[in-house]
């Protein structure tokens, strides 16, 4: 799609680098008692199936844990900062990230293992299916709250992935294990493969039964359940299984809670799929029985690496959002998992955004936070592909936009003059490219935006396809500057916040 001529200026590229993180382990991280079993890994320990990996960017998973949850790196100077908890056993201290990343963008470089075994997740290398290293997650793309406290999840756009090929204590061969994760049940696609769990240590497909990971999405190439998806399935390598059969299994339902609990567990010739709403209620069992009736899965040949957001061979066409997850030693009982689910619902996961309220209805000018100009359709054009730019506010219909709600908090920004909507040209997920245009309404994720309220009553708009935010390219102040998408700043008074007027 060609763009109309505009004035542009260069954008600095993000710097890449690494730094070491420090992990502080609570005294009871490797054991638990019934009386202390208040958080997921305490409960698993009480049930005799302790966590051997515990990952979360939102909260502690042990009541005594007071260390770092994750590390971020900012693009302005390549510095890194650990993000810990507000108190032992508590929610992430999001203010640490907000202050450190203010005025720039950040990515998540390390997701620390709270179990004390050092099973941290870092940038995934290339593999048999795709080269690498993989992209790192935009640190601000998945804001949420727990019990009213702000936190951030891990937003996986296609190409993003984390891995650890040198783990400690993770099940290998046919050994028993359990896994749970909390995902955003409204953020998924049909790419391969949004996984969390056990994978190959070589980053290559080494055959049937060499993985045991939770999969979430709606791909139907290997397996599927009822409805249109997404489904919780097991990635066992060379197959996503929704039950005993390769392909369709009727008992695996579509599950799309905003916060979804997903569980896979396996032991010799026995495995199960369970799931539920991470905000309320209990768990349902979608499959509990023998290993798949396909050669190569009994016995299993698990290798013990850990992946997040990718397949075992580094297939990385998937999308999803991860908030927390663990892997256990041993096969957890249903009663243990039911208690974990009760702990999860008590945590109080809620939707993100820094201020409450709903986006106002009707047509409005959108005033840019850092310069007072208005969002504008170039030349008052009615043509698809016309640039979305900023211009001196004049109240004309090409500066009037309404939010047309869709589903799951996303919707379209429709221009009054043309009836077309604001979109990323070509469905791109690249940042820092002036490619925001108008196009005919088609429901594509690249034209769907989620309004996120800011502290001063303005709004940011997060793209469903990329997780990036609507942005004035280069933070320019010139009339005629086209818009782009850029990692979300979640701050008022910037080139990413827009006040309806």
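Quick reminder: no glycine exception, Cβ is built from N, Cα and C everywhere.
Curation does not apply to TrEMBL; its annotations are automatic.
As recorded in TrEMBL, the features of this protein are as follows:
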- 237: active site, nucleophile (ACT_SITE)
- 313: active site, proton donor (ACT_SITE)
- 41-51: disulfide bond (DISULFID)
- 101-106: disulfide bond (DISULFID)
- 192-193: disulfide bond (DISULFID)
- 361-501: domain 'Ricin B lectin' (DOMAIN)
- 1-36: signal peptide (SIGNAL)
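Looking at 51, 101, 106, 192, the disulfide-bonded residues in this record, the fewest other C-beta atoms within 10 angstroms of the C-beta turn up around 192. Confidence across the domain 'Ricin B lectin' (361-501), taken as the mean pLDDT and rounded to a whole number, stands at 93. Reduced to three states, the DSSP call for residue 101 (disulfide bond) is helix. Taking all protein chains in view, 27 other C-beta atoms sit within 10 angstroms of the C-beta of residue 193 (disulfide bond). Taking the Cβ of the residue listed as 'active site, proton donor' as reference, residues of its chain lying under 8 Å away and at least six apart in sequence are, in sequence order, 127, 128, 129, 130, 200, 203, 204, 205.
Residue 41 (disulfide bond) falls within a helical segment according to DSSP.
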